[in-house]
Amino acid sequence: MNAESRIHALRAELDQHNYRYYVLDEPSVPDAEYDRLFNELKALEAEHPHLVTPDSPTQRVGGAALAAFSQVRHEVPMLSLGNAFEEADLREFGRRVVDGLDQPGAVDYSCEPKLDGLAVSLLYRDGQLVQGATRGDGTTGEDISANVRTVRNIPLKLQGKGWPAVLEVRGEVFMSKAGFDRLNAAQAEAGGKTFANPRNAAAGSLRQLDSKITASRPLEFCCYGVGQVSASIGESHIGILEQLKAWGLPISRELRHAAGIEECLAYYRDIGERRNSLPYEIDGVVFKVNSLASQRELGFRAREPRWAIAHKFPAMEELTEVLDVEFQVGRTGAVTPVARLKPVKVAGVTVSNATLHNMDEIARLGLRIGDTVIIRRAGDVIPQVMQVVLERRPEDARPVQVPSACPVCGSQVERTQLVKRSKGKETTSEGAVYRCVGRLACGAQLKQAIIHYVSRRAMDIDGLGEKSVEQLVDEGLIGSPADLYKLQFDQIVGLEGFAEVSSKKLLDAIEASKRPSLARFIYALGIPDVGEETAKVLARSLGSLARVQQALPQVLTYLPDIGLEVAYEIHNFFEDEHNCKVIEQLLGCGMQLQDEGELAAEFAASTTLAGMIAKLDIASVGPTGAEKLVAKLDSLDKIIAADGIDLRQALAAKQAEAVREFFKDEANQKLARDIEAQLLAFGMHWNSEKKVAEGLPLAGQTWVLTGTLERMSRDIAKEKLESLGAKVAGSVSGKTHCVVAGPGAGSKLAKASELGVKVLDEDAFVVFLDEQGIAI
């Protein structure tokens, strides 16, 4: 293909990408791919200037305005910035600035993050917001006045005084990471469209024809400059932004001065290191010559100013090809699809694999083997496939098939079933996860189960990393967690990584793990959907392993933050004969669970007959109706036996009929009696009024840990406090009851002193625990 043909092809492709990005809000390629195509066209046109035409993408900023909005002409064009991708590019920009100004000393720059959102213009007349517009093609944008008025941090009227009669403010409308997560969760729950990233969400939300939809979205605005202004408001870029802030307009908290390009590079590196912890997405840093006089002297070239540049971060999104989809087996037997990719650099790292989560995600993406896809990598997050580029799908692309047999052990692979209970009826539906039924006979599940069991937050067996566990399994020395306690010195000494000293240390660590807290033991079992916090809830509320094993799913839902699906996972785990055998083997190895005892006082006192009735999910009967029913009929037997007349004396006719119909079903009668019998057997006592929790000495108190503890880890200290009923928080406030401060305590200790909060050093804390009967 000759230069002229390539130029025509590039223009056509870029025009199509612009249309998809600006008009349809459906980007078809990542920014990095667009930049490569644009720069290739720019270079070809520089080599062949006679081929440059006015309608080339290099001669304008973006795409056409949406026809559904009225158009707005920008009095001062909204130009885009040149890009720097390497440090050398930024230094070259700095050299051009110095040459253009011909002034001694370092040039003063402004530095601010390049937010990943939608550029907008806000026009104020006499301090009142009268118009909002998108950038559009840089000369003509879309009138989105009604929508920008719904963005909460955009002032409808400027504060203070001294603003010019005409003031055009420019900035970025964006969506924070937290706001994006909330929006997508709400969209998914409502069965609506979810967004690929915060930028798409912000653009799609701001360009809604119905401003009520925009108002419901968590949009934010940040100023980065001005357009037309009827009177001077400053002589420097930072000075102007500070003035805008004084008038009530939000500016970046990361705005900084830099003296010379080397300080600009230091800013770029610093914010790059903090990028993933920022509350919003950024794709680079913008540097501008701070002096307006210097800006005027440097002027513009083609589509961009000579006095500003955007230093981009390595692309977080890239295009690549799906070579295959393989399936991995996890600790719970979940068979998870993983995309094998043609290697590509993303965010500075070569990526050849990406998670696909489950088959529902593959269906949502419409993914086939052979497809070209957009992948995204942010920080330490596993690379994800974000979108399929359908225009590039080859004719021989193949659908992804779930294996019928486990790729590791050959056992059958089954789709999980989800249980839901509504209006007294239980229904099951297919889940998104497929599982291998091989359990610990499956090498992959066995290895992952052992790795989880010995991990720091589980049984904390030091000296057993992933490679060591794999070696012990491959050598046939362990076939279940219980086999760890049967290991002998002569079996492990001489294995790779195990000399005499390390072998002895490992056996000592295994022996020391025989006295875990109940919560640690439950967590170590690897129950599906039971994390560390849920394990603590089970241990703290039910008080013994036996009660956790016996608990009905409906009883488990009485515990904080445990829903019916998780409750069934717990119940089914302990109903499984294989799991029961493993637990029996572990207990038979001399395991002594600590902290076992009675049912938690606050749990025992909080459950009432009315609460139980309300949780049966009888149509039309909520907590208030259940209270009325129990006030009239004070036992489950009376409620089940009641006729329509008795029920109507307590409830409205519709509710009374619902109760009667519910208990006509013998299965519902049995369920209610089973729940009541178990609650009473556990130590519940019906009381129509909810009691205040008693029995735990620190119930209702908030404690804070700070500094380094020498006699125990902070995780252990947290466990001890939680076992006494305390809530352990991460910051000090007026509601904090006590702070435990070890060596190196800093701002939290200072805050406690300022607020007059009680402080214990580690020695005093150990004495306190001893007084409560808690061993160290």
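Positions of Cβ are set from backbone N, Cα and C atoms, glycine also.
The annotation active site, N6-AMP-lysine intermediate is assigned in Swiss-Prot to K114. According to DSSP, K114 (active site, N6-AMP-lysine intermediate) sits within a strand segment. Less than 8 angstroms from the CB of K114 (active site, N6-AMP-lysine intermediate) sit I282, D283, G284, V285, V286, A310, K312, each of them six or more residues away in the same chain.
In this view, K288 (NAD(+) binding site) is surrounded by 22 other Cβ atoms within 10 Å of its Cβ, with every protein chain counted. The annotation NAD(+) binding site is assigned in Swiss-Prot to D31, A32, E33, Y34, D35, S80, L81, E112, R135, E172, K288, K312 on the grounds of sequence analysis.
In this view, C409 (Zn(2+) binding site) is surrounded by 18 other Cβ atoms within 10 Å of its Cβ, with every protein chain counted. Swiss-Prot lists C406, C409, C436, C442 with the feature Zn(2+) binding site, giving sequence analysis as the kind of evidence.
Residues or ranges marked as domain 'BRCT' in Swiss-Prot (evidence: sequence analysis): 693-776.
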Binding residues D31, A32, E33, Y34, D35, S80, L81, E112, R135, E172, K288, K312 (NAD(+)) - maximum C-alpha distance in whole Å: 25
Helix-strand-coil residue split for the domain 'BRCT' (693-776), DSSP-based: 29 helix, 15 strand, 40 coil
Under 8 Å by Cβ from D31 (NAD(+) binding site), same chain, sequence gap 6 or more: D283, A315, E317
Among E33, D35, the most crowded of the binding-site residues [Cβ within 10 Å]: E33
Among L81, C406, C436, C442, the one of these binding-site residues whose Cβ has the fewest neighbouring Cβ atoms within 10 Å: L81
Per-residue pLDDT averaged over the domain 'BRCT' (693-776), given as an integer: 84
Among E33, D35, R135, K288, which are recorded as binding-site residues, the nearest neighbour of C409 (Zn(2+) binding site) by Cα: E33
Cβ-centroid neighbours of Zn(2+) site C406, C409, C436, C442, 8 Å, sequence order: V329, G333, P407, V408, G410, S411, V413, V437, G438, A441, G443, A444, Q445
